Each structure stands twice: as structure tokens, then as C-alpha cells.
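Here is what Swiss-Prot records for this protein:
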- 1-33: topological domain 'Cytoplasmic' (TOPO_DOM)
- ASP19, TRP20, GLU22, ASN24, GLU33: Ca(2+) binding site (BINDING)
- 34-55: transmembrane segment (TRANSMEM)
- 56-61: topological domain 'Lumenal' (TOPO_DOM)
- 62-82: transmembrane segment (TRANSMEM)
- HIS81, HIS217, HIS221: Zn(2+) binding site (BINDING)
- 83-87: topological domain 'Cytoplasmic' (TOPO_DOM)
- 88-108: transmembrane segment (TRANSMEM)
- 109-118: topological domain 'Lumenal' (TOPO_DOM)
- 119-139: transmembrane segment (TRANSMEM)
- 142-162: transmembrane segment (TRANSMEM)
- 163-173: topological domain 'Lumenal' (TOPO_DOM)
- 174-194: transmembrane segment (TRANSMEM)
- 195-215: topological domain 'Cytoplasmic' (TOPO_DOM)
- 216-236: transmembrane segment (TRANSMEM)
- 237-267: topological domain 'Lumenal' (TOPO_DOM)
Amino acid sequence: MAPAVDRKGYWGPTTSTLDWCEENYVVTLFVAEFWNTVSNLIMIIPPIFGAIQGIRDRLEKRYIAAYLALTVVGMGSWCFHMTLKYEMQLLDELPMIYSCCIFVYCMFECFKTKSSINYHLLFTLFLYSLTVTTIYLKVKEPIFHQVMYGMLVFTLVLRSIYIVTWVYPWLRGLGYTSLTVFLLGFLLWNIDNIFCDSLRNFRKRVPPVLGVTTQFHAWWHILTGLGSYLHILFSLYTRTLYLRYRPKVKFLFGIWPAVMFEPQRKH
């Protein structure tokens with residue numbers, strides 16, 4: 001992470017506890033971190049279409065919530081990187097916790113009867129979210145949020161590995177692709193933090209078009225957005241397979257993956 005550059009922008013002084021490696025107000029005076037902002041589109045638009053498709057397919061509400069939660073994270077991150085205001089930072093970081101809790105619920109309820117509700121798990125995840133929120137609002141320490149978020153992601157990873165190892169081995173491709181994409185994003189996030197000064201110096205010496213490719217926090221958004229979306233597909237595929245539907249991963253326009261399914265034929 002790096003301190004803000006001495007360039008004044010529309011949103012005024014930075015009040016967030018984090019300021020990332022992208023130089024502030026370089027592309028436009030109306031967006032503090034332009035590339036870190038627009039890269040959130042991958043977390044906003046595709047999940048909206050996923051939720052719409054889910055409503056049409058009459059999916060369980062938990063999966064509609066998962067899609068919409070990812071969209072909320074993207075919108076919050078957009079507002080945070082656009083303004084670098086503390087309130088907008090919370091709008092980014094807290095939904096990361098809430099969305100992951102929804103993902104955890106979906107993953108651990110894949111093998112239950114249709115429309116069942118696990119109130120004990122719901123209460124546990126609600127209590128976790130409430131505790132993290134309360135503590136984070138008081139301590140305002142980003143590392144605390146990162147550890148709490150990491151614990152949820154680690155839980156999802158373990159559950160996913162269990163499913164592709166012991167339950168549906170033929171889903172390894174989708175499960176491990178989701179994990180690999182997410183971990184690659186995490187790697188670039190760390191590179192952006194650790195080598196920020198070197199990256200900034202490099203961007204000063206190369207054409208802007210080339211410099212954009214080193215905005216690794218923006219790549220973190222793209223890769224974790226895609227990884228999270230693929231995780232929802234993996235969870236949804238697992239669930240509908242258990243319910244004896246016939247899910248298939250199809251590529252819309254030959255590019256974007258989506259799960260399409262239909263009820264099993266009755267004889």
C-alpha cells in the first residue's frame with residue numbers, strides 16, 4: 001500500500017485507512033483510483049444476470065442471495081476506490097464478510113433436502129458477521145478484517161476440496177479452476193502491496209498503456225471476481241446435481257460460463 005499522491009481530486013482528502021498502490025486522480029479528477037474502480041464491473045454485471053437467470057429457473061433463494069451479494073461487494077468496492085473515503089471502505093469490506101457467509105451457507109447445505117433451512121448454521125454465520133462488524137468498527141485495523149475474511153475463504157476451500165475429493169470427483173475442473181483463479185488474484189494483491197514502490201517507478205518509465213497492466217490491485221478485482229463467480233457456479237452445480245437435476249456449464253456468447261439445468265425426466 002502507498003500513501004496518496006499530492007493531487008487533489010473531486011472527493012477531497014483521503015479518509016480511508018487504506019490507500020492502494022494505484023496513483024490517485026491520475027486518469028480523471030472524479031475517480032481517485034480509476035483502474036481499481038472500473039475493474040469492479042466484473043463483480044457487478046455478471047452476478048446480476050446470474051441472479052436474473054436464477055429467478056427464472058426458480059433457484060433456491062440462497063443462490064439468488066449469493067449472486068446479489070457479490071454484486072453488492074463490487075458496488076461497495078467501486079465506491080471505495082472511487083472516493084477513498086472511510087465510509088465507502090466499510091461499504092466494500094463488510095459486504096466481503098457477509099457475502100462469504102452466504103457462500104459458506106450454500107456450500108454446507110448442498111446435500112440437504114430442497115428448500116431446507118439450517119437455522120443453527122444461519123445463527124452461527126450471523127453471529128460471526130455481527131462480531132466481526134462490531135470489532136472492526138471499533139479497532140479500524142485492516143489486518144483484522146483480512147484475517148476474518150481469510151478464515152471464511154479457507155473454510156470454503158476446505159469444503160470445496162472435500163466435495164471434489166469424496167463426493168463429486170468429476171467437478172474437480174470447475175472447483176480447482178475457481179480456486180486457482182482466486183489464488184492468482186491473491187498473489188497479485190500481495191505483489192501490489194509488497195512491491196508498490198518498484199511498480200510505481202516502473203510505471204513512470206513506460207508508456208501508460210503498458211503501465212496499466214501493472215495495476216495488480218485491479219487484477220485482484222478481476223480475478224477474485226471471476227473466482228467468486230465460478231465458486232457460485234461450483235456450489236450451484238453441486239446443489240442441483242444432488243437434487244437430481246441435470247446441470248451443465250455452458251459458455252454464453254462463447255465466453256462467459258453459466259450453469260444451465262433442467263429437472264430430471266420422470267418415467
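Every residue, even glycine, has its Cβ placed from backbone N, Cα and C.
Predicted, not measured: the structure shown is a model, and the values here were computed from it.
Swiss-Prot feature annotations superimposed on the structure.
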residue: ASP19; record: Ca(2+) binding site; DSSP class: coil
residue: ASN24; record: Ca(2+) binding site; DSSP class: coil
residue: GLU33; record: Ca(2+) binding site; DSSP class: coil
residue: HIS81; record: Zn(2+) binding site; DSSP class: helix
residue: HIS217; record: Zn(2+) binding site; DSSP class: helix
Subject >> Lowest local Cβ density (other Cβ within 10 Å) among binding-site residues: HIS81, HIS217, HIS221 >> reply: HIS217
Subject >> the transmembrane segment (174-194) versus listed stretches 34-55, 62-82, 216-236: most Cβ pairs under 8 Å >> reply: 216-236
Subject >> Tertiary contacts of the topological domain 'Lumenal' (237-267) (same chain, 6+ residues out, Cβ under 8 Å) >> reply: 46, 50, 53, 57, 60, 63, 106-107, 109-111, 114, 163, 167-168, 171, 174, 230
Subject >> Integer Å distance between the CA atoms belonging to HIS81 (Zn(2+) binding site) and GLU33 (Ca(2+) binding site) >> reply: 5
Original post:
Hey, how far is ASP19 (Ca(2+) binding site) from HIS81 (Zn(2+) binding site), Cα to Cα, in Å?
Top reply: 9
Original post:
What same-chain residues lie close to the transmembrane segment (88-108): Cβ under 8 Å, and 6 or more beyond its ends?
Top reply: 16-18, 62-63, 65-66, 69-70, 72-73, 75-77, 79-82, 118, 121-122, 125-126, 128-129, 132-133, 136-137, 142, 145, 148-149, 152-153, 155-156, 159-160, 163, 228, 231-232, 235-236, 238-239
**OP:** Sorry to bug you, but what's the C-alpha spacing from TRP20 (Ca(2+) binding site) to HIS221 (Zn(2+) binding site), rounded to the closest Å?
**Re:** 13
